[in-house]
Amino acid sequence: MTVSNNGMAMPSVPPKIDCSEAIQDSPKFRATVAQHAMYFNRLENRLNEMLRHITAMIDFSKNYTNTFYKLTVSVNQLCDESFSGNPLASTTFQGLSEAYAHTVNLFRTYFDHSNVVTFTKLSNFIKIELTKVAESRAHFENMSQSMDDALVKNASISRQKPADATEGRNALTAVGTCFAHTTLDYVANINIAHAHKDHMILDALWTLVRESSAFFSKGHATFDEWTAADNGAIADTIQTFAAKSKLIERKMQDVHSLVPKEMFQHPSGMPIEPDVMMEGYLYKRSSNAFKTWNRRWFQIKDKQLLYSHRSTDLEPATIMEENLRICLVRPAPSNIDRIGCFELVTPTRIHLLQADSESLCQDWMRALQRTILALHEGDSVDVASTSPRNKTTSMSSGVTLTSANAISPLSNAMDVTKGRSVSDPASTYTSANTSSISTAAGFSSSTTAFEQVRRVPGNEVCADCGSPAPKWVSINLGVVLCIECSGAHRSLGVQTSKVRSLCMDSIDNELRDVLLALGNRQVNEIFLAHLPPADSIVPPQINEKSARPAREAWIKAKYVERRFAVAEDTRARSSATNRQEHLKHKTSIGGNSSSNGVNRSSSYADVQDAESGGLLDADPWSADLSVPVPTASKRLSACGSDTNLDAIGSSSIDTKTVEWDSVKEACECGDLLALMTAYAQGFDLNALHNGTTALHIATRNGQTAAVEFLLLNGAKINMLDEKLNTPLHLAAKEGHTLPVCQLLKRGADSNLANVDSKTPLDIAMECTHADIVTLFRVTIMRNDFNADFNNPMDETVEAVISDIARRAATEKEQKKTESLKSTSDI
C-alpha cells in the first residue's frame, strides 16, 4: 500500500494473473481482474492529468514555469501511486522528477519548447494500450453475461428432453470456449499493457528532459553540477527535520501536566471560542416516560443554551432555550436524589440538569444567571435609547412590556439564589410579558437574521420616515421600520401589518427568505409607484421628526388605502366599479338570507379561517392551535365571505386589473416581488381561478417563501380547489416537507378529505413520503395529549418536528447548492 498526497491509502501494483485461474473463472481471478481495472483507471487518470499539463505548457508559454511545476507534482504522484512495486522504475522516476524541478528553477525564460513528442508517446500509450485493455474488459463482461445465461439455460433443461439437452450442451460448449478465449485475450492485453507501461512512459518523459538538455547546453552542465551536490543538501534537510521532530517529542512528554489536580471540580480552562461563556458536559433528564439521564455537551454561546451529542459526526448543536431572557435558574428540588442538579425554568417547561459535582453545579448556575442578567441589561439599554415618547416597548402580541416586567424573570432568579424557590413555573410568569412566552427566539439566530435583513437594499433606514437604524419589521409587508412607525403599523391591525422585533422575536428560515426577497427599496417602489409631485401629496410624506398623527395618516394612505400603488385615474374608475359591486353583493346576500346562506356554485369553500383567530401571532408549535368551527361555517365562500366585503369597503382598487397569469407564474417560481405587486394592486389572494388558488400553486411547487408570504397576507390555509384538495393535500402529494411543516404549525386541518375521500395522511402514505407521514402522525399524537399543559409528549413532538424540518431545509439547501454548482460548471 502507498499513500497519496491527499493522505488516502492507495493500492500498489496488482499481482500477476494466473492463466489457470482465468480458465476456471474463480473468485480470486475476478478480484484480481477488478484490481487491475482500478489500477489502469487510476493510471489513465494520472496520465490524462499529465497530458493536460503538457498541453498547458504548449498553449500558455508565458506560464511555462508554473505549468512545468504542476507536471513535476504529477510525476511525483504517478511514481508514488503506480510504480511503487518496481524499484528500478521508481528510482528512475525520482531522478526525472528532480530533473523537472531543477528545470523550473533554471529555465525561467524557457518558452514554448516542443513537447509534441512527449505528448504523442503518452497519448499513444493511452489510445493503444489502455484502449485495448478497456475494449477487452467490455468483451469479457459481455461474454461473462452470456456464459451465465448459457449455464442457467443448460441447468434448467429437463431430463425428459434429450434433444434440448444436447442443444443446450452444444451451446454451452460454444459459449464456454468463446468465453475462455475472450478471458485469455483480456489477460494478455493486461500483461502487454503492464509490459509496455514502464518503457513507454519512461521514454516519453525522458524525451522531454533529453530535448530540454540538448536545447540548453548550459542546462546540461548545470544538471551535472546539481547531481554532484544534491546528496549533501538533502542530507542537511533531513537532519533539520529530525531535530524538529525530537523537539516536538519532548514537548509532547509534558502534556500530562495539563491534567488538573481535582478533576470534575472546576471548569476545565477557558473556552476556545471567544463567544462561548462556558462549556462542559452535563446530564440532561429526558422528558419521556422513562426519565432517562443523557450526557450532553452544553455551551452558553451567543446568550443561548446549546447542547450536542458526543459523536464522531460534527452535528450542529441543538438549542435548548433560544431566549434565556424569559428563563430562571434554581437548585433542584429536594425530591431529586442526585448530586449537582439544578433546574432551568421556562414559562412552559422545566429542564433538569446535573453537573459532575456541586462546585460545577454552582459554576453553571452563576454562568446562566450572568447571561440572563446581561440580556436584561441589554434590554434596558435599548429602552433607554428609544424616544422619550415611547417609555414602553410594545411587543408582537400587542402587550406592553415595561421595564419592571422585563426584569421580573431576573428578579425571580435572584430570589432563588437567596434561598427562595418557585414551585410553579407558570405562576412565576403570570405577571411577565405574554409575548415573551410566544417569542422563544434564538438570540444568536435573531442577531444573524437582523444583520442579514439590514443588509437588504434600503433597510438601513425606516421604510416610511427614513429614520436610521430601524429595529422593527412588518413581516407581511417586508419592510423595516423604526419604533415610532412600528406603533403606527400596529394600530392598523394584524390584518394589514404584522409587526415584529428584529432583535427579540423569532425569525425562522421561511420568514427570513421573505424579508430578504423584499426590502424597503423594492416594496416602496411598489407602494409608491404612482406617487405625485411633492407639493401635491396628500397626506404629506413624513420624516423622522413627524408627529404620531402624521405618521398614522401617511401609513394608512400608503398601505391600507394603497393610494400610491396605482394610478389616480385607475383608482377613480375602480372605486365606482367596486361601489356598484358592493351594492349588488349586499342585495344578493339579503335575498339569499332565507336559504342555506352560501351559494356553493360560485366557488369552492374555505373550511376554516384559522388566521382570523390570530394563529399567525401565536407560538407555531403550541398545543392549542386547533380552533373548533361550527359545522355551518365549514363551507364559507372563498370570494363571498364577510372578510371580502370589508376588503371592498376599505380598498378602492379593482382586483380585475391584476392578471391571474402573472400571479400564477410568480407562485410557481417564487417571485415575491410580483406577488407583492399584485397584492398592492388589490389582487384577492383567496380568489379561485381555474379551480385553484395562489396558495395551492405555491404549495404544489414547493415555494416555501411564497407560501409564507401568502399565509402572512391572509391566504386561507384550508382553502379547497376544484377537487376539494387543501394546500396540505398537494404538499403531501408532491413530497414537500417544508410546506407541510409551514401549514401544520399554522393549524391546517389534516383530517379533511378530497373528492377521492383521501386525507393528506392517506396521500402521504400512498406516495411513501416517510417524513411527511411522521409529521402527520406526531401532530395527531400531540393533539391526543393536548389536555395536559406540561406533558412530556409536547417536547417529544416538537423535537421530532423540528428535526424533520431542519433536515428538510438542509436537503433543500444542498440541492440548491448542487444545482448552482452544476449551472456554473456548464
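Using N, Cα and C of the backbone, Cβ positions are placed for all residues, glycine too.
Swiss-Prot lists 275-373 with the feature domain 'PH'.
The zinc finger annotation in Swiss-Prot covers 462-485, and the record cites sequence analysis as its basis. When DSSP labels each residue, the zinc finger (462-485) comes out as 3 helix, 7 strand, 14 coil, counted as helix, strand and coil in that order.
Residues annotated as region 'Disordered' in Swiss-Prot: 570-604.
Annotation source Swiss-Prot lists repeat 'ANK 1' at 690-719, citing sequence analysis. Distant neighbours of the repeat 'ANK 1' (690-719): 475-476, 495, 498, 509-511, 513-514, 517, 604, 606-611, 616, 638, 643, 660, 663-664, 666-672, 675-676, 679, 725-728, 730-731, 733-734, 736, 738-739, 742-743, 746-749, 752, 812; these residues of the same chain sit at least 6 beyond its ends, with a Cβ under 8 Å from one of its Cβ atoms.
Under the heading repeat 'ANK 2', Swiss-Prot lists 723-752, citing sequence analysis as support. Taken through DSSP, the repeat 'ANK 2' (723-752) splits into 17 helix, 0 strand, 13 coil.
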If we skip the immediate neighbours and take only residues 6+ beyond the ends of the zinc finger (462-485), which ones have a Cβ under 8 Å from one of its Cβ atoms?
382, 386-387, 389-390, 393, 450, 453-454, 456, 497-503, 511, 514-515, 517-520, 523-524, 542-544, 546, 548, 551, 554-555, 558-559, 672, 676, 709, 712-713
Report the DSSP secondary-structure composition of the domain 'PH' (275-373) as helix, strand and coil residue counts.
19 helix, 42 strand, 38 coil
